[in-house]
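Trainee: Sharing the feature lines straight out of Swiss-Prot:
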REGION    1-265  region 'Amidoligase domain'
BINDING   Ser13, Lys186, Thr187, Lys188, Pro189, Thr190, Gln191, Lys222  UTP binding site
BINDING   Ser13, Asp146, Ile147, Glu148, Lys186, Thr187, Lys188, Pro189, Thr190, Gln191, Lys222  CTP binding site
BINDING   Ser14, Leu15, Gly16, Lys17, Gly18, Leu19, Asp71, Arg238, Asp239, Val240  ATP binding site
BINDING   Asp71, Glu139  Mg(2+) binding site
DOMAIN    291-542  domain 'Glutamine amidotransferase type-1'
ACT_SITE  Cys380  active site, nucleophile
ACT_SITE  His515  active site
ACT_SITE  Glu517  active site
Amino acid sequence: MARYIFITGGVVSSLGKGLASAALGALLQSRGYKVRLRKLDPYLNLDPGTMSPYQHGEVFVTDDGAETDLDLGHYERFTGRPATKADNITTGRIYQDILTKERRGDYLGATIQVIPHVTNAIKEFILDSNDAYDFVLCEIGGTVGDIEGLPFFEAIRQIKNDLPRGEAIYVHLTLLPYIPSAGELKTKPTQHSVKELRSIGIQPDILLCRTDREIPKEERRKLGLFCNVRESAVIEARDVDNIYAVPEAYHAAGLDDEVLAAFGIAPKAEPDMISWNVINERIRNPEGQVTIAIVGKYTGMKDAYKSLSEALSHGGIANKVKVNLDWIESEVFENEDPAPFLEHVNGILVPGGFGQRGAEGKIRAAQFARERNVPYFGICFGMQMAVIEAARNLAGIAAANSTEFGPTKEPLVGLMTEWLRGNEREQRSHAGDLGGTMRLGAYPAMLQRGSRVSEVYGGALEISERHRHRYEVNTAYKDRLEQHGLRFSGLSPDGVLPEIVEYEDHPWFIGVQFHPELKSRPFEPHPLFASFVQAAVVQSRLV
């Protein structure tokens, strides 16, 4: 039977509950336990698929096509266990399911209320299909005190009472701010946060205290006394130099030992931290460095590209180099020459995005990379813009454009009206809803024998990658573009949808319709990112 660990947050948002959950899961996993991580989001959206990247950050897509919170990316990267649509739920989804049942008459005329109907739905989600795991870690989004989070806190309060004694614990992540004028860490915000939790019936078992310095023994004692936890359960969560040092830091602070003690479990053995030690050694002592320009639309919000920046870091780990990121707003290139911004970089990456804003800037970035022989990696929208650039400047199709931006005489990129999903054919139109209507999840692609991308994948001729797009390169232009050197080296199994393009006479120029960053891990860097960074290393030696 699985045991449950509920991770809550207090004082301020963005403290790192997702990283804390992922790191704790990795520590338990390294001790030989099977873990599952789930995220409960209190917002009313059905999923983050249509939310602004500036508000929510990245949308993380799973193999089974769920659009989820970016924290699931942390879970996958730290534990290696692929997340599914069953690992993320929102208030909006819960309400939709409840109201659908109410319309069908499933509740037999009962009055639908937050308690018990909403809380029961949350409990069912948390407790479902966990028999194969030793620990289930559930992160509650937001902070204690948020109105929209109250049903979730009530649900996890009930779960601890419903389960046998010792089968569930609460870990509360909080902030210990340092006040320079007073010269001390302040515990009062944490005390008030715990007071708020206790007022709704939840007593934390462990306090995980974010701080930039060591917690003095007296402050640790005070926290234990006023928050009603053991002094040993006041865990110091010190700031670290990179996120992959978090498991090491939490283990050194005794978090995993304290969790097992809270369950009354004798530790099986010390966790196997060798792989984490190797990764952090490479990060802290690189043998060189490269600079990659990310030319995107949402560069003001780094979390919009969370998996992307982490995948580039993984590429650096694979090549034992530090990857410096130069974030450039693509709109800049619509009015200015890209050369002054890009001449110093060793690689250019144009990521995914939606809409016309900044598109011409991405096209100019692709042109610069092609003409200057700078390694170029185009992902999703970045591949589409590279194809439009080739059509305009190599194939002489001056009007080449995407129907996403409006009607065009030369639709190099157009809306996918239908595609196969398993054994079913899905169809879309311009008039349809935006939410949940993209080509989502893992799809296969066939690679051309002898192509660069096949070589990158170790000679593979078939791959599976995650997608999130509703527009696709038009295969009607394939022959004309290939005559000018742009090779369509990857296609869907039916040959209809272009998946990968590349230039054979370029040091490294690859565009992919999928999102390889979603499957990259620190221990298993995605081959495309490892190869891209390797090409950037070669380019850096030529400058």
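From the backbone N, Cα and C atoms, a Cβ is placed for every residue, glycine too.
Given the structure is predicted, the values throughout are model-derived calculations rather than measurements.
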Trainee: Counting Cβ atoms within 10 Å across all protein chains shown, which of the binding-site residues Gly16, Gly18, Pro189 comes out on top?
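Mentor: Answer by Cβ density within 10 Å: Gly18.
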Trainee: If you average the pLDDT over the domain 'Glutamine amidotransferase type-1' (291-542), what number do you get?
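Mentor: It averages 91.
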Trainee: Sorry to bug you, but what's the C-alpha spacing from Asp239 (ATP binding site) to Lys222 (UTP binding site), rounded to the closest Å?
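Mentor: Rounded to a whole number, the Cα-Cα distance is 22 Å.
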Trainee: Using CB atoms and a 10 A radius, I'd like the single residue among the recorded positions Ile147, Cys380 with the highest neighbour count.
Mentor: Cys380
Trainee: Restricting to the same chain and to sequence separations of six or more, state which residues have a Cβ under 8 Å from that of Asp239 (ATP binding site).
Mentor: Arg210, Thr211, Asp212
Trainee: Listed CTP-binding residues Ser13, Asp146, Ile147, Glu148, Lys186, Thr187, Lys188, Pro189, Thr190, Gln191, Lys222 - what's their greatest C-alpha to C-alpha distance in Å?
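Mentor: Between the outermost Cα atoms of Ser13, Asp146, Ile147, Glu148, Lys186, Thr187, Lys188, Pro189, Thr190, Gln191, Lys222, the distance is 31 Å.
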Trainee: Take the C-alpha atoms of Ser14 (ATP binding site) and Glu139 (Mg(2+) binding site) and report the distance between them in angstrom, rounded.
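Mentor: Here the two Cα atoms lie 13 Å apart.
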Trainee: These are the binding-site residues: Thr187, Thr190, Gln191. Which one scores highest on other Cβ atoms within 10 Å?
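Mentor: Counting every other Cβ within 10 Å of each candidate, the maximum falls on Thr190.
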Trainee: According to DSSP, folded down to helix, strand and coil, what is Thr187 (UTP binding site)?
Mentor: coil
Trainee: Around the C-beta of His515 (active site), how many further C-beta atoms are within 10 angstroms, looking at every protein chain?
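Mentor: Step by step: centre on the Cβ of His515 (active site), count other Cβ atoms within 10 Å, giving 23.
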